[in-house]
């Protein structure tokens, strides 16, 4: 084992990275070596045991905890690990398999003092808290000590407070840094391996950034040169962390700019991030990791500057001269406690433990922790989002600025974040989900899986289902197109993908750490954002699509001065706020998702859309059949699916919807008259905020066209198919087609559209996200593309690609003529589709499709109604 391990260490060192943590097999071999250590290897073996095993409920942690527990009890021995040392080391494992041995040790006079100290600093107790409480009530003095320590928050007060002054060297990335820059999609396979994945951070050359190997390895030498100044680095940018929800982006930044976490291999916390604007999901993942994110004017900060940051005073000064460079206010003073606790999640869990202990001991509420500021009283009404979150918190509504922990009814995870979420769940010692429904998809890696992806496909489903979650299968399709069909109206949820934007209810997408917390505990921390209201009125004009309305939102915000495309001094009224949409109440739920989905591109924290009951009743009636069909097809966890079906049936029995109050307050209101939108609206390369009229970009030569992503539904493919069916000869473009789900693909095949796509020479992808994310399939380098996908960030769909975002209808026309049409040309083409619009824009109602109803009708529930 040692020979193999040292070989691995050497291989990783050649790559410039630390070795992987030990796995269960290596840990089992290490146990045998610890029992009879080879001469001269003692120190090395102990270091492996202490520092190279993941904590929580990792498989290797199970072996480690079992060995240490056996040593503590005297069931086995090691010349290197005494029973006392074994208890001490169990105390470094955070939670999970180490807890019962520590609680048992409270009854051993020799080991109890060490066990008490260890438990006093262990937060992941969950229901094991009551075992300690029971011992304390029975008179165990050491259990009493533990209870008192928790009540006194010694776990928190023993950690160093946030410093008055933090001296750092500036690592500045000008313009906008999105999470794809920090965690590139083609490298998604390596995300759980943080040191390896971090090497790809900023691997594409840009102003001020010098990758070691452009397109492969990021600016490691540049970072190392700055570190030689003797101070930690701070990540600084004009706009930081937009785009996908990748916790891996935070992990990569902190690998270079954070602090080691004692006894936790290959993971770092802490760190400092300064941004003119910091995207909300990235801000949250920084908080969760114990970093200090600060929104501040960074125009006076330059690469390599040494600065002093005063978090309490809200000042940034030049380290040498003391010159004031910028001032700021922390988003909340609770950030100070979050940094001290090692992150927002440890703080929340720890505060809860302290509260529980104080209640058990009959003590008043602790005054140790900073509280979120009280929100000013208001006699005004609540918005729809405020009411939804309020209901999830058991109150009428939640005011902007208030801290709350809403109940998570639905949680989604996908396969490029799922392996990290799995690791986070292990760290949280989670063996069962508390959220009502947790769903795992395999949409980002199904098309062209690497061996590591195949391993994920084989191992992650059982991990999720064993904890009560629902697992999809590779090839099933896009996470959102499935999760939306499992939703309950007016409920709150989250997902490990920035496009988790419920069309009924509301979701606050998050990084994998927060998603794991939400799944494990059934709640999520939230500083309630303000809302921006977008009101549509009037009638849609001929040829105009919902995608044009999606792009009308940034266009009209630009017109009102609420949004700028320029990154320096960026204005974005939507950033960190909730986008609330009214004026389109009769949309089908599938259509409504097109609007809520795109709130991700606005950097909004979440989105609601006001719909009438009828489309929601139709949608849930269809979805009940789909979920029953899933049970018939052997999907699990069956109990979770049955419970969700019962929840849908209960709502349908009395279909009531929340509504915004007429006097609700909004940070801004944007009115859009549909009569004024007379031509398609696109987003120009390479910025989803850069909305343009078709007439402004007409004639642009197009090389490739992509019709697919979570922004599409079956109607879009019928529309494209009808346009393509009229075309004779070869297309002048390369056309990609990827339906969102296997159900869409099956129906399109049955209706003959796959034949049309095939004859047109289209490259038909399996349902999923491959090209949209750009992690597997890619367009040609430097291609000009029209895409129905979500984002057009630089290098996302292809290296150096210029991507226009547009409707499926406009994309199909561009595929046919090899350029962006004039508005008149476009109208000529779409008139062909409009003639059969009723047939084209039909949606998947599973209750009307015999291949689903026949199987659904045979399902007999195994749980009581």
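Every residue, even glycine, has its Cβ placed from backbone N, Cα and C.
As given in Swiss-Prot:
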- 191, 244, 245, 246, 414, 415, 416, 498, 791, 796: substrate binding site (BINDING)
- 710, 769, 772: [4Fe-4S] cluster binding site (BINDING)
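Distribution of Swiss-Prot features across the structure.
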residue	record	contacts (Cβ under 8 Å, 6+ apart)
191	substrate binding site	183, 197, 246, 248, 251, 416, 417, 419, 420
245	substrate binding site	179, 281, 285, 417, 495, 496, 497, 498, 500, 509, 510, 511, 512
414	substrate binding site	440, 441, 442, 443, 444, 479, 495, 496, 497, 769
710	[4Fe-4S] cluster binding site	478, 479, 480, 481, 499, 593, 597, 740, 769, 772, 790
791	substrate binding site	243, 601, 688, 805
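Neighbouring residues of the recorded [4Fe-4S] cluster site, listed in sequence order and excluding 710, 769, 772, comprise 443, 444, 478, 499, 708, 709, 711, 738, 740, 768, 773, 789, 790 (Cβ within 8 Å of the Cβ centroid). Counted over every protein chain shown, other Cβ atoms within 10 Å are most numerous around 769 among the binding-site residues 769, 772. Counting every protein chain shown, 27 other Cβ atoms lie within 10 Å of the Cβ of residue 416 (substrate binding site). Residues 191, 244, 245, 246, 414, 415, 416, 498, 791, 796, recorded as binding substrate, reach a greatest CA to CA spacing of 21 Å. DSSP assigns residue 772 ([4Fe-4S] cluster binding site) to a helix in the three-state reduction.
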